[in-house]
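Copied over from Swiss-Prot:
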ACT_SITE  Ser122  active site, charge relay system
ACT_SITE  Asp137  active site, charge relay system
ACT_SITE  His159  active site, charge relay system
Amino acid sequence: MTVNALLLSSSRVGDTPYLSHAIPFIKPLTADAQKWIFIPYAGVSMNYDTYLASVVTGLSELKLDISGIHQHPDPRQALKDADGILIGGGNTFHLLHELYKYDLVQLIREEVLKGKPYIGWSAGSNVSGLSIRTTNDMPIIEPPSFAALNILPFQLNPHYSNYRAPGHNGETRAQRLLEFTRVDPITPVIGIVEGSALWRQGETLSLLGENPAYLFCGEQQEIPIPVGSDLSHLLK
């Protein structure tokens, strides 16, 4: 079995319905996976059942059997029993805190490395990398470690945009990621623009969607990556 992981920048593009833009990306991962477990732990400001319902509705045309991990008395067993894993967006720090709390970090990694499909968006993409050190989120809670799932052996920054609002004097996203590369000049960071996604199939990694991604690594800053690019070298 080989890794089959889809990392979406966001759950929406513009004003599109929830997850609708991602259906063409998600569908290939569901061909042999009917029973999915959804992990809503990033959803701090919403009820987990409400969050689950939005995911079920958003993916309804795929006719999947989706349950929330919070509905199961044994989260680890529920994850083992599922054919695939879905992790949604929200607060990355809270998500990782809960994954450690329920002893799921290593288990998710093991299941994905054995071939269980993984689909994440926003925070769910953040935790697929080496660590959550390049998330955009406020650190509202302290997880035991920033170390994440390591499904992708580099850093991710979903919702990437270097827009600076007129009159705003805070750092841009590119400046924040530059700070990371000054502290860690070896580890690459991929900024994924909304509407785009990374898809890992075994030892192959590609960029899907309509917008370029951006590479930050050492002296390389905000290097555009065209859609369709083969990024497999980043898995080495």
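Including glycine, each Cβ sits where the backbone N, Cα and C put it.
Mapped onto three states, the DSSP output places Asp137 (active site, charge relay system) in coil.
All chains included, 18 other C-beta atoms sit within 10 angstroms of the C-beta of His159 (active site, charge relay system).
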